[in-house]
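Chemist: Quick paste of what TrEMBL says about this protein:
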| type | residues | note |
| --- | --- | --- |
| DOMAIN | 3-143 | domain 'Ketopantoate reductase N-terminal' |
| DOMAIN | 171-293 | domain 'Ketopantoate reductase C-terminal' |
Amino acid sequence: MKIGIVGIGALGSLWATKLRQAGHDVLAITRDHSPRSISITLDQQAEFEIPANNLTQLSICQAIIITVKSTQVKQAIEPLFEYLPSNIPLIFLHNGMGALDQLGEQWNQHSLYLATTTQAAFKPSSQQVKHTGIGQTLIGTYRKTKLTPQLDSIIQVLDSALPKVVWHKQINDALWQKLAINCVINPMTAIYHCKNGELLQSQYQTEVDNLINECHQVMQAAGQNQSLSELSSTIKQVMLATGDNFSSMHQDIHHQRTTEIDFITGFLLQKAAQHQIACPHHQALYQKIKQLEESFI
Ligand code: PAF
């Protein structure tokens, strides 16, 4: 198969190298559309030379995986519109919710899919990627797209290259769950300069529990039926399992980059406002992250 990967950050590089390793053709699309090829070493073992930025070849790809951050989805995908026939599945993989809602009406005919993953990757340098955590990738519908036989065979290819990849009938449930995880872990680790696992320490417990409680209220109002104790144990489980990692928002703040706060806590606060639910703890974290971002300008 020929698969396009838009965004060659840690996850994009992981997908590009794993698909090449499995014998597939990969076309990488980088931010500035300039290099004709990129070279990436996977786990300090194999080096892959990957053709890049030949935009006319997008039309012969069987699927495109868009791994840019939620803040970059619109600016990464809009310039590719003229090269992308509407029948090619576009699979968006990023933290947060609401990024696709920002795309213009011209995308309504396209086959858009949403994905979420617990695979973890780290890019120690621009030419290296490390697969730091084995997880699974769930793919599901955005608005009215369906699991077609074409998409089913793409899922099988993706699953054999970087297992597990499965179709999820209720992707919204999985996205809400990931949103809650990110709403608690990401801003706190960025503000308190700590690793994910440190949030399990007693000094953070009251704040963690308040944040989980507010998340749970909004999720209930949005039709998510998980119990508070289930949600709490899922989030704390992720803190434990990724205990030694610095969250993506911690890294963004550390490198003075714009964070995904608008698509994480911002999305939660938007839904809270629609349902008239007060979320003072999330509101406070949102403001602190915004202040930190403003101090970088
Ligand atoms: O954004 C992140 O860093 C990750 O989604 C997570 C799960 C919080 C692990 O670090």
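From the backbone N, Cα and C atoms, a Cβ is placed for every residue, glycine too.
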Chemist: Please spell out the DSSP helix, strand and coil residue counts for the domain 'Ketopantoate reductase C-terminal' (171-293).
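Modeler: Computed counts for the domain 'Ketopantoate reductase C-terminal' (171-293) are 94 helix, 0 strand, 29 coil.
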Chemist: Pop the mean pLDDT for the domain 'Ketopantoate reductase N-terminal' (3-143) in here, whole number is fine.
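Modeler: It averages 97.
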